[in-house]
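One structure is given here, and the rest of the page talks about it.
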Amino acid sequence: MKKILMAFMFVIIFTISFQAAAADVDEQLLLSDDAQEIEFGGEIYIVQDLKGFQERLRVDDRPVVGLALAGGGARAISNLGVIKALVEHDIPIDLIVGTSMGSIIGNLYSSGLSVEQLEEIMTDTPFSDLFQFGGGRALLETKKLNLFAERVAPNKSLEEFLIPTAQLSFDLKEGRKYLLTRGKISEVLQAAYSIPGYFPIHEFNDRYFMDAGVVESSPAKSAALLGADYVIATHMPTDEEDEDYGGILASSGRFIQILQDKYTSEILSEYADFEISIDVGNYTFMDFNYAARLVELGYQQTLENIDEIKSELAVRNIPLQKTEAREYYDVDQTLRDLEFDRLVTEARGISPLIHYGRDYSFFQPELFRSPLNEFQLGLEAYHNRLNFSLLGPGSSSWTENYEASFRFKKLTDSLDYNLLYGRNEEQADDYESRLKFFGQRFNLSAGFGRRKEEEYYLLGSNFRYMGDDLQWRSENSLFYRKEASGFGVLSSHLINYDLSPAWGIGLKSVYNNTEIARSPLIYKGQELDDYQPKFQAALNLNYNYELLIPYQISNFFQMTDIGGYFFIDYFHEESWGDGSFAIGPALNAKLYLLGLKPLELDLYAAHDFEENDQRYGIQISYSF
């Protein structure tokens, strides 16, 4: 995958470079009012508001210390470990310039977040929720990532940051490096990490920007241009394995890697006063699931160099400077908005929906999903607060069965509206209309609808507790059936208790006496109809091993965890006496497509005591 991305960048950079070489160098560029051309080190940069940037530098008659944060996708999360070590040891940071992921880390720290809180955000945030598959401009849409970064940042614009910070990008129109020093995070961040075909190209002031990593992956030269007298630069070298370069993508990818290494080596040798080289060669561009480990690698590598950095600062008469303690900001609402897909971006588009292995019916509970060995295909159209989704079965005609969902996000800060429709060929169509309230630890919903030709009123609640050792999540629906004049409950619970980092105990339960809502099936013994069981439970002894280094499968999948568990399952229909137990071992693993979307693999063998027989299963589930 890395070589494919490099090949895309190779074509774009060289096309622009040849166009720039053929242009008249004296031609007057159409720059924004606060941007200017600056010749530096034998090339021309376009710099936004250089005077204003340098006026924000806070130094008292001493050399300026600049921190240049390299890019590299997920691997560049290690930049945070570098900042952590520098701050702990009172190394002054007067300005920051980053490219790609280095810009994201630099922006969030400079905006006012403490290292500790930023580390929590980077290691706990599910990055897969920040991307969705694009509708044509690029493989992945990233507006949600840009908005999320702005929402968690205490100061929202670059010019308001506690530390003067710039983003290095590449101007595709002029074929020059471009340094952005102003603007709201959500509006300019994209320029630092756009990759043609992968992340959307950023359009701004009639210009088109992309990641400058090919021509200056470690922006030490940019830091010097901006006014740094002493530059600390990070670098993430790659270990190129021997392989066949006969193919077009492999050969072009290798060629651009050679060029990138050449540019990086020249820039670091001339403009970096101190280089922190972090060994992240075993990790890939998209290994976001290893954020904690990557931070630690950057931290440890910097600690190994900290005495040498202090000595060099002393020689230059640069005193150590304790960083003022920073406030801990409340970002819980933003994290909850991300968890429940309530971040509203000013965007519109269409994305595919592809599910396999689990039932993703809009009418089904979300805590547990029944096994379903067929594809469910559809699409999602979105425009700002509005979402419309259409989902159909992969094995039957859409004219017979399909579902639709309309969602209006954030009627208020805490309230959404959802309308569901289910087409049924053999009976009256299903529908449900509901309002949903989002609280701190719980969600509430109320509405009405029809299923199995019976109309009902609905009250719902979701609850979660996520402690250090104990995690508990529940999902509950109370139905009042109008014709039957009776109540029914569908209630699901998932409780996990961590005995150690690797071992844990899990308890699942599902209770359903509604007769109109299908039960999510968790029983692994005999096959059940989803209206059949009144009660199901599962007790698991879990073991999970997190791989120190992700295992690559092809260039698209990474395996990060592998584990196993021993289960005891139980179900009954009407009373305890008509149920059955099943026991057995299982293995499970998660494979991440492009480091983001998990494919879950579950293999098990179950002995069902009622049928006195064994059942073997392989469950593969994937959703995006």
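Any Cβ shown, glycine's included, is placed from N, Cα and C.
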Range annotated as motif 'GXSXG' in TrEMBL, from 98-102, 128-132, 298-302, 608-612 = 98-102
Remark   = Asp211 (active site, proton acceptor) has its Cβ surrounded, within 10 angstroms, by a count of other Cβ atoms equal to 30
Inquiry  = For Ser100 (active site, nucleophile), which of the three DSSP-derived states applies: helix, strand, or coil?
reply    = coil
Request  = Have a look around Ser100 (active site, nucleophile) and count the other CB atoms within 10 A of its CB, chains all included.
outcome  = 27
Separation of alpha carbons, Ser100 (active site, nucleophile) and Asp211 (active site, proton acceptor) (Å) = 6
